[in-house]
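The block underneath contains the structure these notes are about, expressed in structure tokens.
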Amino acid sequence: MPVEGEPANSSLLTVGQLTKLFGTFAACDGINLDIRPGEIHALLGENGAGKSTLVKMLFGVLAPSSGEIVWQGQPVRIASPSAARKLGIGMVFQHFSLFEALTVAENIALSMDPGVSLSKIAKEASDLSHAYGLPLDPHAHVADLSVGERQRIEIVRALLQNPKLIILDEPTSVLTPQEADRLFETLNKLKAEGRSVLYISHRLEEVQRICDRATVLRHGKVTGACDPRKETPSSLARMMVGSDVAHVSAEGTSAKGAVKLEANHLSASARTPFAVSLKNICLKVHAGEVLAIAGVAGNGQGELFDALSGEYPVASDDVIRISDKPVGTRGINARRLMGAGFVPEERHGHAAVSALSLSDNLILARSQSDRRAFLGGGFLGLIRQDAVKMAAKRISAAMDVRKSGENPPAGSLSGGNLQKFIVGRELDRQPTVLVVNQPTWGVDAGAASRIRQALVDLAKSGSAVLVISQDLDEIFEVATEIAVISEGKLSDIYPASELSREKIGLLMGGMYGKTETAETTHAH
Amino acid sequence: MGIFEAILLTVITAATPLVLAAIGELVTERSGVLNLGVEGMMVMGAACAFIATQQTGSPYVGILAGIASGALFSLLFGFLTLTLVTNQVATGLALTILGLGVSGMIGEAYVGQSGIKLPQIVFPVLSDIPFLGAILFRQDLIFYLSIALVAGVHWFLFRSRAGLKLRAVGDSHSSAHALGVNVIRTRYLAVMFGGACAGLAGAQLSLVYTPQWAENMSAGRGWIALALVVFASWRPWRIVAGGYLFGAVSISQLYAQAFGIGIPSQFLSALPYLATIVVLILISHNRRTTLINTPAALGKSFVPDR
């Protein structure tokens, strides 16, 4: 579909009525899109809006059900990623398609012309990565690299093909603000060379900062095409979400009570070569407080959660205290019995068993902490299905969980709705301590604001809440205190009002700016 | 010829089928497919090699028949697990049971016949080297092939682009697919290479080790070969080291009995498996090297979501 007033052949890529059906579900429904040479074009949308499905079709990973793709004026059928690369389309995936067991050069070689030798590829990759300000060691094993470095491999791999169009799928979701700035410089360099960039994101400020035009998707349909610089964040958000997003109110969460959760010089060695060891972490969360721990993925967040929740107890009891009782060596159920609640990062397979119903997932988490309510028959421990189902219903109602039936399997819920249920499962107990890892990762804006409000409300009612998150917007919405985790070390804890994004960015990179003694650090 | 030389020669004869079957299975597993049917493919190779040799009078035709039958039998495994996406473990076990049954049936008429032993190929000058010459350069074709195959597989996996693709498929099939590598075709070829090697190993049994046919003559060697792949932590040259170690252990059973040494033969036949367990414990200690060597997608079925 040509844009009004423009001849069709001025487009690099035009997509007309592109549709992808999975069964009867239309992930993409009649999408129109055009990308001009030398522009950075944003593809905006919530999770599940169809962005990833659309670009997978453009890159030949998925076959469209109907519709057409026109490349430089010629209708094309892109049968495979190698066909897309031959046309001049490069792609940087959100979940990297890298091989951890292989080296950087070997990873790049896999997408290159087989005639080129590995040593030549290593040299070219190294040169190119330096030219674009993304330095890389071609002989390093991917397993040993950080997420930011892994993304560089993907970008360099795409650039080595000399593409006319580069598709980036949520590239900044794993980067520190400083790393993101560096990426934006690279993108502007590419644009200056006359290449086009299709930039997929749901982060409005980024899109407004670097993109020339934007196409907005919702529920698989295009809901708007605009110049993002002429829009306001709220008008863009409306196009994305379809309605105004409720604002999270953190008013009145300043009152502080006793320390409810405490870690004293918590250290833990890495369990796997790709895990991060925790180094001397000290933190205190008071009643009424929301402590948010910011940081780029893979800096010890999961390990910290495991230690705090008791999934992997630590060697000494005194290192972790819940409501002033030492619990370091106790398991997760013992800690739950003391009034703590935990929500891990992975919804499927960790927080919930996808194939089991919501009520079964409820009893799995709370069979010990709510033994009296949910289990009967003395030592036999028979499940009181009615009581459990009632509780599941109560949680669904409280958190506005939208589901297909009375008690469907967890896997049939959308990410946002399942997350609401999992958070609600803990909130239902009114925990005095709640530890949540990435509470709204991959969740739509409506569900995210609901979950965040619930966390703030819990703190207001006098509980201590610890939120581990990569999302700075989320952190500023919910936190009363903020700390940053980097390479397994925790920064000082700052009141949320004293920190700026830039400061957090510096802390994420491990730059502490000032050194303080432990006493001043943890005094509130 | 001294007793030591004689022992070494029997060790080589015992180790060669293990090395062959294991190097084939290594390639299969490096592509992410776990084929537990090695024992079945091996015994099919033994039966077909013997029958073809008896029919034509040429053990070289027998070798070809062994290779072809192993490859063909593994193609059945490939079709079930890769095209029909059945469970690899269950299918592999079924393949072993089927192979033992079918080989027993087609070979029934040949039980007790005396076969033709594969002739030695003597390298002119090299074979005159004292001690080593007699051991290394007065061997049959299958021995030479086994060493050449290990060298070839090492070169292929770590030096060639196709080998890189195969390792990529075994590490993460969905990433490899996203890069445009044909996952299913790569795995079919790897499975068939594994089958061909197992068939060749079977041919060695019925043409070199004991030139005759007996039911179940693979006698668990397929399982040892599977253990050997893990023992070698998926590195080709370690297959040779492990294969000769396991071969020596199995030969030591015979000598222990002959010389009346009081080690129970059951203990000796269990040794390869015990050694594998020890190696498994050792390598799982160092997770980093495991993750770099172990095919991460091993045993996982791939269904492209198109």
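Yeah, the Cβs are placed from backbone N, Cα and C, and that goes for glycine too.
A TrEMBL annotation is a machine prediction, not a hand-curated record.
Some features that TrEMBL has for this protein:
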TRANSMEM  B:31-53  transmembrane segment
TRANSMEM  B:60-83  transmembrane segment
TRANSMEM  B:89-111  transmembrane segment
TRANSMEM  B:141-158  transmembrane segment
TRANSMEM  B:188-209  transmembrane segment
TRANSMEM  B:221-237  transmembrane segment
TRANSMEM  B:244-261  transmembrane segment
TRANSMEM  B:267-283  transmembrane segment
* Counting only CB pairs under 8 A, let me know which of B:31-53, B:60-83, B:221-237 has the most with the transmembrane segment (B:89-111). => B:31-53
* Under 8 Å, at least 3 Cβ pairs, sequence separation 6 or more: does that hold for the transmembrane segment (B:31-53) versus the transmembrane segment (B:244-261)? -> no
* Stretch of maximal Cβ-Cβ contact with the transmembrane segment (B:188-209) [cut-off: under 8 Å; candidates B:60-83, B:141-158, B:221-237, B:244-261, B:267-283] -> B:60-83
* To do: Six or more residues out from either end of the transmembrane segment (B:141-158), which same-chain residues have a Cβ under 8 Å from its Cβ atoms?
  => 12, 16, 19-20, 23, 26-27, 30, 60, 63, 118, 121, 166-167, 197, 200, 203-204, 207-208, 236-237, 239-240
* Asked: Which sequence positions outside the transmembrane segment (B:267-283), separated from its termini by at least 6 residues, show Cβ-Cβ distances below 8 Å to it?
  -> 224, 227-228, 230-231, 233, 245-246, 249-250, 252-253, 256, 289-290
